[in-house]
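Asker: What TrEMBL records for 42-63, 75-93, 113-134, 140-160, 211-233, 245-269, 281-299, 311-330, 336-355 is transmembrane segment.
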Amino acid sequence: MNMFHYLFEYSAVDSNPLSVYVMHPFWNSVVKVMPRWLAPNLITFTGFMFLVFNFLMLSFYDYHFDASAEGYTHVPSWVWVTAGLFNFLAYTLDGVDGKQARRTNSSTPLGELFDHGLDSWACVFFVATVYSIFGRGPSGVGVATLYYILWVVLFSFILSHWEKYNTGILFLPWGYDISQVTISIVYIFTAMVGVETWYEPIWWNFHYRDLFTFMILGCSFTVTLPMSLYNVFKASRNNTLKHSSIYEAFLPFLSPVLLCLLSSVWVIFSPSGILQQQPRVFYLMVGTAFANVTCKLIVCQMSNTRCQPLSWLLVPMATVVLLAVTGLVANETLLIYVWTAIVILTHIHYGVSVVNQLSDHFNIFAFSLMKPSTD
């Protein structure tokens, strides 16, 4: 039995009825047929790669998010079927990895970091991929609108880890399970009926795109945000809040808010309209930078350390935005490609470095526990 099983306990609360009564029984059945030698982290990574593959696949068939509009060559039906299956597989593996870890007594902080770190990066992949269903045509969603929707999704994700940073307990958001099941069904349904179905209004001028937007915003502002604030308020009232001042409690939001402001300044004041020209790359840059900021918060809440006020990645990004909006770099497309590549490589380097440090720490700690006493 893994000795770290006794030293680490994953503290999370999942109260979503869909998750409790439907998905958890399903995941329990799935994990029973998995071989015990299958590493939980491999399950986590495989699920994440399904989402990355979906993103790359739709990038090939719908790079500029206009394939679903009238007059364009539509995405083949088999692509939607594949996207639906892969999205559900990713969701299933994300629900199974923790159960496999507990089943094999291999739960560690490294596994939690790996799981939630990849989840933070996955936000941009499933948002950008599902966007291709409606696209940016007359019956679709504008790229600027989706940009702000993406930020709602990203902040909804970080709320859960902000809760744990303040309360010590991860309250899993209801919106995640509902959205993943719905997205998987919509992919398959689109393959059956075609994207033309989404052209027609549901009622008067209310289109399916409006329902899509309403569901995301409604779930975030009427469920996720109120529940997060309530859980933190409850901990404060019970004197179990981990941080005594309001400043310390809300410190984790500083870097995400600054990231949002910097990227929005670029969008609003871009001389060439960079979001209109390169929406997919811009979304990827924002989502990856956000994942980097979130991972640092996850490390802090896992190690019970103080969140740093500013992520260093924002310093060079401020310079990049300044170069873009002032026109000092004439080719904004080249700039966004280079900066996105830098952000991705930086985030991968950070992830590998943290994993290596945690692995070394666990190996040293394990050796100290196994070393016979000389007393």
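Yeah, the Cβs are placed from backbone N, Cα and C, and that goes for glycine too.
TrEMBL annotations: computationally assigned, not manually curated.
Predicted, not measured: the structure shown is a model, and the values here were computed from it.
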Asker: Using a Cβ distance cut-off of under 8 Å, indicate which of 42-63, 113-134, 140-160, 245-269, 311-330 has the most pairs with the transmembrane segment (281-299).
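Answerer: Between the candidates 42-63, 113-134, 140-160, 245-269, 311-330, the best contact partner of the transmembrane segment (281-299) is 113-134.
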Asker: Before we move on, state whether the transmembrane segment (113-134) and the transmembrane segment (311-330) share at least 3 Cβ pairs under 8 Å, counting only pairs 6 or more apart in sequence.
Answerer: no
Asker: Let me spell it out: take the transmembrane segment (42-63), skip the flanking residues so only those 6+ beyond its ends count, and list any with a Cβ under 8 Å from a Cβ in it.
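Answerer: Residues 34, 75-76, 79, 82-83, 86-87, 89-94, 96-97, 100, 111, 114-115, 118, 121-122, 125-126, 128-129, 132, 135, 280.
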Asker: State the residues, same chain only, that lie 6 or more residues beyond the ends of the transmembrane segment (140-160) and have a CB under 8 A from a CB inside it; answer 'none' if no residue qualifies.
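Answerer: 65, 68-69, 119-120, 123-124, 127-128, 131, 134, 170-173, 175, 198, 209, 212-213, 216-217, 219-220, 224-225, 228, 252-253, 256, 260, 267, 275-276, 279, 282-283, 286-287, 290, 294, 297.
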